[in-house]
Amino acid sequence: MRRGGWRKRAENDGWETWGGYMAAKVQKLEEQFRSDAAMQKDGTSSTIFSGVAIYVNGYTDPSAEELRKLMMLHGGQYHVYYSRSKTTHIIATNLPNAKIKELKGEKVIRPEWIVESIKAGRLLSYIPYQLYTKQSSVQKGLSFNPVCRPEDPLPGPSNIAKQLNNRVNHIVKKIETENEVKVNGMNSWNEEDENNDFSFVDLEQTSPGRKQNGIPHPRGSTAIFNGHTPSSNGALKTQDCLVPMVNSVASRLSPAFSQEEDKAEKSSTDFRDCTLQQLQQSTRNTDALRNPHRTNSFSLSPLHSNTKINGAHHSTVQGPSSTKSTSSVSTFSKAAPSVPSKPSDCNFISNFYSHSRLHHISMWKCELTEFVNTLQRQSNGIFPGREKLKKMKTGRSALVVTDTGDMSVLNSPRHQSCIMHVDMDCFFVSVGIRNRPDLKGKPVAVTSNRGTGRAPLRPGANPQLEWQYYQNKILKGKAADIPDSSLWENPDSAQANGIDSVLSRAEIASCSYEARQLGIKNGMFFGHAKQLCPNLQAVPYDFHAYKEVAQTLYETLASYTHNIEAVSCDEALVDITEILAETKLTPDEFANAVRMEIKDQTKCAASVGIGSNILLARMATRKAKPDGQYHLKPEEVDDFIRGQLVTNLPGVGHSMESKLASLGIKTCGDLQYMTMAKLQKEFGPKTGQMLYRFCRGLDDRPVRTEKERKSVSAEINYGIRFTQPKEAEAFLLSLSEEIQRRLEATGMKGKRLTLKIMVRKPGAPVETAKFGGHGICDNIARTVTLDQATDNAKIIGKAMLNMFHTMKLNISDMRGVGIHVNQLVPTNLNPSTCPSRPSVQSSHFPSGSYSVRDVFQVQKAKKSTEEEHKEVFRAAVDLEISSASRTCTFLPPFPAHLPTSPDTNKAESSGKWNGLHTPVSVQSRLNLSIEVPSPSQLDQSVLEALPPDLREQVEQVCAVQQAESHGDKKKEPVNGCNTGILPQPVGTVLLQIPEPQESNSDAGINLIALPAFSQVDPEVFAALPAELQRELKAAYDQRQRQGENSTHQQSASASVPKNPLLHLKAAVKEKKRNKKKKTIGSPKRIQSPLNNKLLNSPAKTLPGACGSPQKLIDGFLKHEGPPAEKPLEELSASTSGVPGLSSLQSDPAGCVRPPAPNLAGAVEFNDVKTLLREWITTISDPMEEDILQVVKYCTDLIEEKDLEKLDLVIKYMKRLMQQSVESVWNMAFDFILDNVQVVLQQTYGSTLKVT
């Protein structure tokens, strides 16, 4: 159709022209807006924005939809389409330079203007909230506001400091009566007088539960109108959430600025050293210079009086070093004395951790878990608490008052699962003021405060630069570039604008509910909190009291039951099903009794939530807080869960919340409309299933009383400043000693060591915004796997220094150091008999076969990315061990040992060769062991020719076998080798040495499977004795002659491995598998579906059957892709004189090119698909052997460079396995994919993209 004809007809459509259509559309939208506004108004409306018409450009927070609702409620207009004549204000948070030029002269305002106008109850001036000024021609200044004049009375972000100085009494009164929170927008540091810093810090730390480093966000106050206020820890009831919802969006935008608060609580001491008094004096002097009346503005800080500091009476120190701290130095020093400022100090680490809140919490959790475990082990079945409950039962009333105040008749107790979640209210605060009645009911915070909340701005520090960096990082979802410092730093700004102090970044560990109602949150910086609430009372840490109360809490719970899961020092999960059945009490009665006893014992309040599972119990606790209880009954679950935000679900963080929001999902009710298939498509099979179940209140997680320790670590990223390499080295050794102490305390040893270093990012300020903090950093990590697990500080320290030297860092830029130890094993076990991962005895599974579910219990917990080693084995007469740089991890697709007789017990053979044995007690320097038959079968001349270390191991194994033979007669040898082989460790070389032969002098050398002569390392060959060199040359000549006269016998090679003397037996415990060029296997092991087809397939010819041991070893170790295409050299078999081997004789001249990769004989893709579909759909629990065959097939495809078919096979398996109702199939697919990706990474340096 021609365009002209279309236009001609369009002109007759009733709209005349395109402009007419748009005008009609805009008019319709305006009418719709007015009609919606009339319905939205419900008594909370106003006319604040009368005459204001906004247009939202781009992403804002609150969102455009939220702003539209706000304009409806408060008399404004919302334009979907921008009109230069009608739109009065453009709302935006970020605009490109071209758009700024296009909108030059228009009012482009940040959304905080709307939010704060509503909070103020009147229309504020838009000037402090302009996104850019008319003088700005580029976007570099978008983050700043124009400087407000000191006489400007508007309560915008530029003059909060002036309000605090001139109208403190008015503000405090207003905060107490209206719960109003003054939240700043972004502002320039180039402001007058004391305004310098308030605009920066008032936005920070408004996110619930975040521990940050003083980085604000311009939209920190804009989540006020999203209809829900998630509390900082889910502790507030609905009626308690009366504070404007300033913080929900800030919780998404506020950056997790510092890992130091996550790893160790630096703010517990602020690491104030000998300069502490100088800093406080400087703060006092600068405050007095800038505002002589400031001391009168803050009622908590009189300078010369007998005052209450932290609620206790203290005489203010007279003299120049006295401070106005809300926490006296003398009082604080008792709880947290000063910590050395230099990491080179010998007491730095111990003092640091002794004052770290999070370190104490972590240690307490471990101690409480062990406490519960000890109670369970020593339990005699007597619970004093239950006896009290039984007595209470006899006199209890038939009615009970619920937490809502309703009277309800007690129902007969049910015996269904019932979980109770106990959580102390404002734990640190409650403990801190339990003996301080004068502080109860007042806003209180636990922190290591800094006086009035201000500290000097150190030269070189640039908080705005750090803030901008983290803002970009959060918004972009990745690390941002460092902004140009020239745009942020003004060398004269500090002196010209009076910016010589900043707000304190001492973190608030916990705050009371009275403080939370005023906008203060856990994790907020103390300086910011003091601006929100000048009457905020600070309480110092008291770790001894916290531990005492935590112990009392758990002892109280243990008096009722030992089925307790220690969540934290102030939180526990209890399975009360048995208690209710025994005492005949209702959940509400039991919860009330527990709460009352906890309060009597600790003088602290606890909230209790009860549900049928852990998820519901936790959600019920949110509703119960503070100091309440709530029983979420099964019949109420559906209605209750629908109204819960998805952010309340476990595992839903900022990233997942954003993704769910993009799908239009905010509540669990919205999430219930999503099918599991769609959720799994969007979030993956496991996460999708989790969301599908959690949003319906389904949770099958048990109350776990014991938890396996996976790692031990020690990190410090506060106060790290080095000037010399030797200082860093000494610190690493000291930290290694700390690791040793922790390993010894947990009774574990570790094998995998990781060194983590935080290095100042290029371009970042040398002086950080937080005193002693790490600032903007890059994280660098190195990992090494030791031969044996250790807890020795010297070994750990040596490994750390080696890795540290490879990093080649600028010492002065180091900001954090951490050591992690993984692959833990118990200390009380012999390392040689305890592998680095759990072992599963084959006897645990019938007939030597078991499901992959059992295997994953072993393999899933620990993955090993081994230190790079390359090993060439030297055994008998021509294999020599030479170490290189790659450790081998083997995947055993089939048994490595094959009985000679078909009558041999298959189950026994499989059970002994499934790679899941406990390792032998002797290990070589490369974590390899040599297995030998009984001493009578050894050839002493061969033994003497072995390297000393290898010979020593063989002798030790013989000694062990002789010791065992006295108590247990060995089974009849097969192939000249004992079938009762000792258990194997990872990467075991099985050396089967035949009996000495009296005839055929060349038989000994011919029995060793030689590599192709081209594969022999000339240096290794030259190092051999001359006599041995001659024998090898003769063996190669003989093999060449035999190869010329022999014929191919494919059937024999298919059923029997060509090298019965040397097998690589791999432990299946290694999850990461290396690529195998040649693999020896047994088709007679287990008659699984894939193996059945394998046996009946004429194409069944194992590639490993015709490869030499050297080829086999290289295929496992080198991972260098397929070798040259010339046929592999065949093994020269002369076994007639070897007892037990005559039945295995075959004289192939040489192997032809290996057949195409096949899966149980299926080569074509359609045949493979059919076989896979039959396998997955007919079996509910896949066998280990089947999975390993699939892994081998995939690795063969990689060797053949047939990646296209590999991609199709992997994706087809994924579809089939994810459709299976058995979750074990998903685990099986993950196992297969992990191994394939490892081989791909090693071969091609990349992985397969599986969507």
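A Cβ is built for glycine as well, from the same backbone N, Cα and C atoms used for every other residue.
Among the features that Swiss-Prot reports, region 'Disordered' is placed at 206-236 (among others).
Here Swiss-Prot flags 282-320 (among others) as compositional bias 'Polar residues'.
Feature annotation from Swiss-Prot assigns region 'Disordered' to 282-342 (among others).
Under the heading compositional bias 'Low complexity', Swiss-Prot lists 321-342.
Annotation source Swiss-Prot lists dCTP binding site at R357, 423-427, 510-516, N522, D570. Just so you know, the Cβ of C426 (dCTP binding site) picks up 28 other Cβ atoms within 10 Å once every protein chain is counted.
For the domain 'UmuC' (419-653), the model's pLDDT averages out at 83. The domain 'UmuC' annotation in Swiss-Prot covers 419-653 and is backed by sequence analysis.
What Swiss-Prot lists as Mg(2+) 1 binding site is D423, D570, E571. The C-beta environment of E571 (Mg(2+) 1 binding site), restricted to residues of the same chain at least 6 apart in sequence and closer than 8 Å, consists of H421, V422, D423, M424. E571 (Mg(2+) 1 binding site) carries a strand DSSP state (E or B).
According to Swiss-Prot, the feature Mg(2+) 2 binding site maps to D423. DSSP assigns D423 (Mg(2+) 1 binding site) to a strand.
Taken from Swiss-Prot, the feature site 'Interaction with target DNA' covers K770 (among others), and the record attributes it to similarity to another entry. For the recorded site, K770 (site 'Interaction with target DNA'), the DSSP three-state label reads coil. Cβ neighbours within 10 Å of K770 (site 'Interaction with target DNA'), excluding its own Cβ and spanning all shown chains: 29.
Here Swiss-Prot flags T783 (among others) as site 'Interaction with target DNA', drawing on similarity to another entry. Neighbours of T783 (site 'Interaction with target DNA'), defined as other CB atoms within 10 A of its CB across all chains, total 16.
Feature annotation from Swiss-Prot assigns region 'Disordered' to 1035-1096 (among others).
Annotated compositional bias 'Polar residues' per Swiss-Prot: 1043-1056 (among others), in sequence order.
The motif 'Nuclear localization signal' annotation in Swiss-Prot covers 1071-1078 and is backed by sequence analysis.
According to Swiss-Prot, the compositional bias 'Basic and acidic residues' annotation covers 1119-1129.
Per Swiss-Prot, the feature region 'Disordered' maps to 1119-1147 (among others).
Residues or ranges marked as compositional bias 'Polar residues' in Swiss-Prot: 1132-1146 (among others).
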Distance, T783 (site 'Interaction with target DNA') to R357 (dCTP binding site) (CA atoms, angstrom): 28
Cβ contacts of S512 (dCTP binding site) (under 8 Å, same chain, 6 or more positions away): C426, V429, I433, K442, P443, V444, A445
D423, D570, E571 excluded, remaining Cβ within 8 Å of their centroid (Mg(2+) 1): V422, M424, F427, V567, S568, C569, A572, A606
Helix, strand or coil at S512 (dCTP binding site) [DSSP, three-state]: coil
Residue pair T783 (site 'Interaction with target DNA'), D570 (dCTP binding site) - Cα distance, angstrom, rounded: 35
T783 (site 'Interaction with target DNA') in three-state DSSP notation: strand
DSSP-derived structure type at R357 (dCTP binding site), helix or strand or else coil: helix
Euclidean distance between Cα atoms of K770 (site 'Interaction with target DNA') and D570 (dCTP binding site), Å: 29
D423 (Mg(2+) 1 binding site): tally of other CB atoms within 10 A of its CB: 24
Surrounding CB atoms that lie within 10 Å of the CB of M424 (dCTP binding site), all protein chains: 24
